[in-house]
Each structure stands twice: as C-alpha cells, then as structure tokens.
Amino acid sequence: MAAVDPHSFTEASQPRTRHVSLSLYLDFSSSTIHASGLFTLERPHSGPFSLDTRSLSIHGVIDPASRDPLPFTLSSPDTIKGSELSITLSNHSSFFITYSTSPSSSALQWLLPPQTFTKSHPFVYTQCQAIHARSVFPCQDTPAVRIRYSARLNIPSQLSAVMAARHVQRRSPKNDDALDVVLPSPWCAEGRVVEEFEMEQSVPPYLFAFAVGALGNREVGPRTRVYAEDVAAVLDSAAAEFAGTEEMIREGERLFGPYEWERFDLLVLPPSFPYGGMENPRMVFLTPTVVKGDATGAQVVAHELAHSWTGNLITNKTNEHFWLNEGFTTYAERRIVEAVQGEQRAALNIGIGWRGLNEDVERFKDNLEFTKLKCNQEGIDPDNVYSQVPYEKGFQFLWCIERQIGRPAFDEFLKKYIGTFKFQSIDTETFIDFLKANIPGIENQIDIVLWTEGTGIPPDAYEPDSTIYKLIVSLANEFINGRMPREDEVDDWQGQEWELYLDNLPKSIEASQLVDLDSRYKLSESKDYEVKVAFLRRAISSGCKTYYNEVEKTLKGVGRMKYLRPLYTALVKGSGNEDSKVFAKTLFSEARECYHPIAQGVVEAIFSKHL
C-alpha cells in the first residue's frame, strides 16, 4: 500500500473524498463538538478505506441508503499522525460518520470569557494547518486531496459564527439537520441557532476554518469586512489598519490574475491565536498583534491575500514541498507591498526576511535537511520544523529567477503558472518541469538542483541592497562601539526599521548597553510586538534580567508562536542560566492554558530539546 503523504494514512490506491457535509453541535460546557458527516467519494470503492483522525470518538459509520452500520476500526494513536479510521466499504461512494471531538483537539481552542476581549462570552476557533483538521472531522488530511464541503454549526443563540466558506443563512435548528448525532441536549433545544455555510470550491483540508463568539464587524471595502469580538475599540482600530485592503486586492489581480474567492474578509482573533495570519479562503484569520496603528500590519494581510493565488489556488502536495506555498506567497506579498506601500517598505521586509533566513539556517545546523526547500519529513511533526526557510529561501529562489530573466518575463511566467495549476496540488518536480518548459535553458543559468535540494543558502542568494537597509545595518554594526543612533537618525522610523536594527545588532553586547538604548527609545514598552520581542530576546541573551517583568507580561499576553519561540528559546538555551530556565518553566505552567494546543506543543518541544 502506497502512502500519499508522510503525515497521512491516505492511500494512493483509494478514491479521493470529493465532498463532506457536516453537522456540528458546539458544546462550550465540555469543550467538545458532537457531529455527523456525510462523505462523498469520487467513485465507488470496495475494501478498506482510510481516513485520518486525532482524538476523535467514532460512534458509528452508516450506509446512507440502507441505514445499516458499516464495519470500521480505529488504530491506536501515532504520535504525529493520530489514529487511522479504516472503514470496510462494499461498492460504496458515500457513507455517514457520527463522532465527537475531544477537549484536547489539537485544532480547537476553547476560550473562557476572561480570556477574550469582551470578557463576557466564550469563544472557539480552529487552526487546522498543518495536520490538525483530522482533530475536527475525519478526513484525508493531506493537501494532496482537495474537498468541497457544507457545514451547519449549532451554537448558542447569543453568539455568531464565521467560516472560510460562503455564509448561507442563520436560522432555527431543524430535526433533520443532524441525524444520529450523539447529543448532550436536543439539537433543537431552546437558545440554540444554526449558522449554515457552503464551500463550493475545492480546498485542502487544512483550510477548513471557523470561529464562534460574540462577533461584530466593520465594512472596509467592496469585498472586505473586518470581523472581531464586538468591542468598538478592537473593531475600529482593525478597520483603520486594514482600510487599504481593496487596493491590495486590485494589485494582486493585476499581478496574478482574477481573485477567485469572491469575498476577502478578515477576522481579528483573541491574543492566543498562534500565527500572524492564516490564509483561510474568504475569511483570513489574524492575530491582534498585527493591528499596530501605522498600517504596517497590513503587510501580514498582503501575505495572506497573496495566498489566494499561491497556496489556496495552487497548493503544495505535501508539507515536504511547503516552499511552493510560502516561497511564492512571500514573493507575491512583497510585490504587492512594493506597489502599494513603496520600494522602501518592500526592501525592509526583504531585509528582515534575510536575517530570519540566516538565523533559521543556523538553528538547523545540526539537521541541515530542514534547510532544503524540498525536504524529507518522514517521521517528523511539521509544527516542530516550521521555520523561515520555505518562506525566505523560497523567495530568494524566485527572486533569483526574476533577476535572471527580467521582471516582465517573470510576471508573464507567474500568470501562466497560476492559470495552469489553479485548484490543483503539485510537488516541486511538477514546478521544475513547468519552469524548464516555459523558460528554456533556465537550468543552465541557475543551479535548480542546488536551490531545491541543497542545504543552506546558495551563493547566488541576494542580500538586499537598498539605501535604507544598508543604513540600518551599518548603524546596528556600530553599536558594539557604543554608538547609539541619534534621534534625528530615527525620527521617521516605524516598527520595521527598529526590528531590522535590533535583529542586526552584534551578538556580543553588554546588558548595560541595551539598558541605555531602552532608556532613550523605550523599545521594551513598544506597542509593536515585533520591536518589543526583538529587544527582549536580545536582553535575555545578554543576561539582562531587568526586563523579566516585560518578558512575563508578553508571554502571558499573547500566544503568537513567532514571539513564544524566540523568547522561550532564549530563556532555556545554553548552560549556566538555571534561574532563567526555572523562570521559563514557571511562566509556561502559568500561561499554558492561554495558548492554542499547537503553540503548547511547540513550547514543549523547545523544553524537551534544551532542558
């Protein structure tokens, strides 16, 4: 039996799922979902049929025509892949599953009212990338399989739901919504409402997403509404930050072709959301830390928007080819930023990325496999090797091709690539074949094998060359001699300039120098988390405990892994700093329940490596 994906039980010889119709009863009191799903396959199948699950209780599998039970087994859990649900089919092209999720579902975070902005209502949301959709519903949880779906979410009537799908209606529950679902109370109980959604375009399972809470919204464009918890200050600041979204969508269309998803709505989640953004189609999920008050947070929106073409339309076949999603999207994001916010902003973005790439190549110096664009992830949890490599090395590869053939020719190539492979999942080899066919002789101009299969950073990668980038790096290098930037030199700096400056400071600097820098520019108190965390990480690494209160506030205040990973790593890495290790463990034990399960796992992996 041939597996399709090292992270899935999906078998190559078995038919693909084409559509799933879900009825989901959200029980906030027990942090569980009681559910049923009608699964439709691309063709009839006889024999074993495999689905991925994690922490699901399977109550039954039923023939939808005869209502007879179908035999099934659920394997003992694999640490990475979860449990294989194997169903015995007899010329079936559809079947019905009833099941319940677990409070420990790795995709779901259930928040109590005190953990939300409103402080008065609970909240739940999903994060299914990379391999967590299987903890919400049984599925062929690989990006090699694209599905369409419909969903009925039964929720408390004082709450509302959003989903990465078209909203059909909000209505009263009906008895035939949820046949055979094992429920703690009746589906049609008083005080419940159904929100109905439909996703008519095929998407990989990791793009399945919903959120439920006391939500409000603001219109910011003809295709865009900003959603968040119904707190005026949160909604107003988010609407102001993302006011330029329509201009970015139009620029994306000019560069990459028509926007295929109709709506581009944005949801600002509570602070525990583990990523900067998640490109769920029609409804991008965002951390509140991107609402900075200066519109630079819109760069995260530009990245998630770019995924509408590269990632959502064309998808990496497995996580081993993740750079096809993220390298292309990082390139596309910077083209959009350059057009809308100017070349200087794009150059700073590239400079920060260059620094991040170098740091992550250093991070994987003992396992260089994960510095390759196409890497072997057999037996590897993709969350544990998540890094800037697929983003920034992938960007550098594409930027190298652009420099080689010229931007107009590369733009033409990109549009043809997107038009050829939209709504498909592909691998690196497919891309390379297409590249060679459409840019004849490119393999003689660029070492494609070195770029895609080689470790580290290739020699023709390109450090940014802009005036502002070189000025900031030069100022950072002078810091070792005690030269602090003058106020007239930083007058017009925003968060990105400070982030680039801090990231490029020499490694060996005295704690007293950082205290002096902070006393002048108040970086540890910055409302821009990129700046604050870059400063706090340097302070921890220099042995400066002056800022431990700020570290504690930060790690208890947000759950974005981009901040958790460097701060916890700085606290526990190396020998001789036992106090900071104890501090880190105590902090995590107190903050753990405020983090999404994916973030909890990442911090635990850091501890297991360094403690």
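Keep in mind that glycine also has a Cβ here, set from the backbone N, Cα and C atoms.
Going by TrEMBL, these are the annotated features:
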BINDING   Gln127, Cys128, Gln129, Pro274, Tyr275, Gly276, Gly277, Met278, Glu279, Arg560, Met561, Lys562  peptide binding site
BINDING   His303, His307, Glu326  Zn(2+) binding site
ACT_SITE  Glu304  active site, proton acceptor
ACT_SITE  Tyr391  active site, proton donor
DOMAIN    467-607  domain 'Peptidase M1 leukotriene A4 hydrolase/aminopeptidase C-terminal'
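Structural mapping of features recorded in TrEMBL.
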residue : record               : contacts (Cβ under 8 Å, 6+ apart)
Gln127  : peptide binding site : Ala107, Gln109, Ala209, Phe273, Pro274, Tyr275, Met278, Phe285, His596, Ile598
Gln129  : peptide binding site : Tyr206, Leu207, Met278
Gly277  : peptide binding site : Val284, Phe285, Leu286, Thr287, Val290, Val300, Val301, His303, Glu304
Glu279  : peptide binding site : Leu207, His303, Glu304, His307, Ser308, Gly311, Asn312, Thr329
Glu326  : Zn(2+) binding site  : Gly311, Pro390, Tyr391, Gly394
Met561  : peptide binding site : Pro274, Tyr275, Tyr386, Ile598, Ala599, Val602
DSSP-assigned states of the domain 'Peptidase M1 leukotriene A4 hydrolase/aminopeptidase C-terminal' (467-607) in counts, ordered helix, strand, coil: 105 helix, 0 strand, 36 coil
Neighbours of His303, His307, Glu326 excl. site residues, C-beta within 8 Å of centre, Zn(2+): Glu279, Glu304, Ala306, Thr310, Gly311, Asn325, Phe328, Thr329, Thr330, Ala332, Glu333, Tyr391
Fewest Cβ neighbours within 10 Å, where candidates are the recorded positions Tyr275, Tyr391: Tyr275
Cβ packing number for His307 (Zn(2+) binding site), 10 Å threshold: 24
Count of other CB atoms lying within 10 Å of the CB belonging to His303 (Zn(2+) binding site): 24
